[in-house]
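Peer 1: According to TrEMBL, the protein carries these features:
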{"type": "DOMAIN", "residues": "40-293", "note": "domain 'G-protein coupled receptors family 1 profile'"}
{"type": "TRANSMEM", "residues": "25-47", "note": "transmembrane segment"}
{"type": "TRANSMEM", "residues": "59-82", "note": "transmembrane segment"}
{"type": "TRANSMEM", "residues": "102-119", "note": "transmembrane segment"}
{"type": "TRANSMEM", "residues": "131-154", "note": "transmembrane segment"}
{"type": "TRANSMEM", "residues": "203-224", "note": "transmembrane segment"}
{"type": "TRANSMEM", "residues": "236-254", "note": "transmembrane segment"}
{"type": "TRANSMEM", "residues": "274-295", "note": "transmembrane segment"}
Amino acid sequence: MSVPSELSEFIIVGFPDLQQEYFHLVAWIFFLLYVITVVGNSILVVIFSLEPSLQKPMYIIMVSLALSDIGFATVALPKLIARYWWNDGIIGIHTCFFQTHMIHYFGSLNSLILLTMALDRCLAVCFPFRYPLLMTVPNMVGLTVFCWIIAHIFPGIGTINFTFASFCGPNKIIQAFCDTLSLTALSCGKTNQYGASYGAAMFILYFPLGLIIVSYFWIIISVFRMKLYSLQGKKKTISTCATQGCIISIYYIPRFFVYSTPFFPNLTMTADKRIITTLFYSFFPPLSNPFIYCLRTKEIKEILKRWIQRRKRIAQG
């Protein structure tokens, strides 16, 4: 498919006000962020693959989230690292379109996975007797595959529109990676591309968020109504919901302000602040998810402890 454009490449600028003397430091920070994110999430995938006892619906969701986080980091960070390590910010126009699609794809996918996780916990807590019948492993696998497929729809609409857009210059993307907002700003003439993409993003992000909030409220209300939960059990449930709520808030709330800036004249952000905010909500959840959702889980901690003890016995003799 041909692209009616005079440009063949873009330049990822990153932080426009960052002095060149700090480029290598920033590259190392992003490199370590990438390694920790990939390793942390890969550990969960390996544990799930090797331990048959974890072949359960809840852990299928966790592995799906881990794979999504690895995918997002791999799409977004290597080019940003190259930009600051070797001062190589050049990215081909088709590669930029692909990166834009995958950035928004994994954002949409994570939103659907978080919704699936909330619904799974809601069913487990509020309907404990029906849960084994409703949330079987085949059902969860089917739901997970459905999420991975349907998450392409909304970003795909924007990607197709961009292939027919014209880009006459400038070609500098003032962002850490290619995204819809940056490409729209560089397109020639007037376009309603961002308006359509904004509407799609609001739907795929905040419709699931509404259901997630309802699910967690339902969990909390059900726990306090059930006499079988001790006071300690209720406190643990509230603590878990609060922790997950913080991660969910970081994932959703800053996105709204970044995406909505073009539509609210009084809502202004400098380029550096917008990039920092984008990096924060994009990479903090993937970095922390293995610890928040997975490594705090009792079963996984026991498996890791067993593996470590086995290693010690092998080393000793």
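Backbone N, Cα and C atoms are what each Cβ position is placed from, and that goes for glycine too.
Show me how these features fit into the shown structure, please.
Peer 2: Beyond its flanks by at least six residues, the transmembrane segment (25-47) meets 14-15, 18, 54, 62-63, 66-67, 69-70, 73-74, 77-78, 80-81, 83-85, 283, 286-287, 289-291, 294-295, 300, 303-304 of its own chain at Cβ-Cβ distances under 8 Å.
Within its own chain, the transmembrane segment (236-254) has Cβ neighbours under 8 Å at 110-111, 114, 125, 205-206, 209, 212, 216, 219-220, 223, 229, 277-278, 280-281, 284-285, 288-289, 292-293, counting only residues six or more beyond its boundaries.
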Peer 1: Looking at 59-82, 102-119, 131-154, 203-224, which one has the highest count of Cβ pairs under 8 angstroms to the transmembrane segment (274-295)?
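Peer 2: Result: 59-82.
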Peer 1: Could you give the residue numbers and ranges of same-chain residues that sit at least 6 residues beyond the transmembrane segment (102-119) on either side and whose C-beta is under 8 angstroms from one of its C-beta atoms?
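Peer 2: Sequence-remote neighbours of the transmembrane segment (102-119) are 58, 61-62, 64-65, 68-69, 71-72, 75-76, 143-144, 147-148, 150-152, 154-155, 158, 177-180, 197, 201, 204-205, 208-209, 211-212, 215-216, 248, 251-252, 255, 282, 285, 293.
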